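Copied over from TrEMBL, here are the features:
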type	residues	note
ACT_SITE	His67	active site, proton acceptor
BINDING	Asp68, Val71, Gly73, Asp75, Ser77, Glu86	Ca(2+) 1 binding site
BINDING	Pro159	substrate binding site
BINDING	His189	heme b binding site
BINDING	Thr190, Asp241, Asp249	Ca(2+) 2 binding site
DISULFID	Cys36-Cys112	disulfide bond
DISULFID	Cys69-Cys74	disulfide bond
DISULFID	Cys118-Cys322	disulfide bond
DISULFID	Cys196-Cys228	disulfide bond
DOMAIN	26-326	domain 'Plant heme peroxidase family profile'
SIGNAL	1-22	signal peptide
SITE	Arg63	site 'Transition state stabilizer'
Amino acid sequence: MEDLFLFFVVLIFILMMNNVVAAQGGLRTGYYSSSCSDAESIVRSTMEAYYDKDPTIAAGVLRLHFHDCFVQGCDGSILISGTSSERTALPNLGLFGFDVIKDAKNQLEAACPGVVSCADILALAARDAVDLSGGPSWGVPTGRKDGRISLASEASNLPSPLDTVAVQRQKFAAKGLDDHDLVTLVGAHTIGQTDCLFFRYRLYNYTITGTPDPSLNQGFLVQLQTLCPINGDGSKRVALDKDSQFDFDVSFFKNVRDGNGILESDQRLWGDPATRKIVDKYAGNIRGLLGLRFDYHFPKAMIKMSSIEVKTGTQGEIRKVCSKIN
């Protein structure tokens, strides 16, 4: 009788684990524990080396992973070079961090040839980027295969700084992500930067009125106008979190609450009742401790996003070089 009971306990456990794996698209943490035991440590040490030289690389790699997942799923297709590949699309022209993935891949090919996918390297590096910036860490489900398709024409569904909340909501929902995921993932802007070109219109000629965007905090408006003169260099980089651009924290949400959001799409999150409620809870009163726990929810949202349309089994390949199909 005890043996039968034990059998059913084990069976239930196996079924539960299968459901977890299925929910993550067939991925699982520790996927390379036997086939390439140093995989995650190699990615981590590579990310650390680049971060020590330039902390902005953290936001670059995180954004690279985000843009990868929104087109063809999280399959490393953003890493492919070519005249019509994803990385040539307008929304992707400012992406950087490719060298981190290339370097890690070279080391992994030397240690474990043909084992670790470029898509998994990118997912792991994104996690490490957040951790190195003072944010949370988490177990990254791995086992992705690399995709064989990368087309600039398919990048039109990427979120834009001009998007209304309704459009943002639609783009995220199309990938199985809800309002909570939307606000949480946009919170990655706590370590991001952008070009003056993408928000300068808000400072001088919003909606072709010849006046600034009224939703901007007036004191912050003056600061931004100094950083981005009307006829200045549009490629000048400005931190998306004016208070702590290299720290992965909740000050980004406080900025949005206070009218200090730089991208219009970010500031609009305060104007929509549903997203405003989430922003307000993350902002909290004392570094978010009295509101929703950003450092708790961000890993959950990242795991959910990094499972979008993943390719496993024979659906993809393990690229030898991340920038080209085998």
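Cβ from N, Cα, C; glycine included.
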Of Pro159, His189, Cys196, Cys228, Cys322, i.e. the recorded positions, those within 10 Å of His67 (active site, proton acceptor) when Cα atoms are compared
Pro159
Which one of these binding-site residues has the most other Cβ atoms within 10 Å of its own Cβ: Gly73, Pro159?
Gly73
Near Arg63 (site 'Transition state stabilizer') in space, meaning Cα within 10 angstroms, which of the binding-site residues do we find among Val71, His189, Asp249?
His189
Comparing the recorded positions Val71, Cys112, Cys228, which residue's C-beta has the most other C-beta atoms within 10 angstroms in this structure?
Val71
Spatial separation of His189 (heme b binding site) from Asp249 (Ca(2+) 2 binding site) - C-alpha basis, Å:
10
For Cys196 (disulfide bond), which residues in the same chain are close in space, meaning a Cβ under 8 Å from its Cβ, but six or more apart along the sequence?
Leu227, Cys228, Gly232, Asp233, Gly234, Ser235, Lys236, Val238
One should report the C-alpha separation between Cys322 (disulfide bond) and Thr190 (Ca(2+) 2 binding site), rounded to whole angstrom, as 28
Quick one: which residues besides Thr190, Asp241, Asp249 have a Cβ within 8 Å of the Ca(2+) 2 site's Cβ centroid, in sequence order?
Gly187, His189, Ile191, Asp243, Ser244, Gln245, Asp247, Phe248, Val250, Ser251, Phe252
Check: same-chain CB within 8 A of Ca(2+) 1 site center, minus Asp68, Val71, Gly73, Asp75, Ser77, Glu86
His67, Cys69, Phe70, Gln72, Cys74, Gly76, Ile78, Gly147, Ser150
Taking the domain 'Plant heme peroxidase family profile' (26-326) alone, what is its mean pLDDT?
95
Other C-beta atoms that fall within 10 angstroms of the C-beta of Arg63 (site 'Transition state stabilizer'):
23
Those recorded positions, out of Cys36, Cys112, Cys118, His189, Thr190, that come within 10 angstroms of Gly73 (Ca(2+) 1 binding site) at the Cα
none
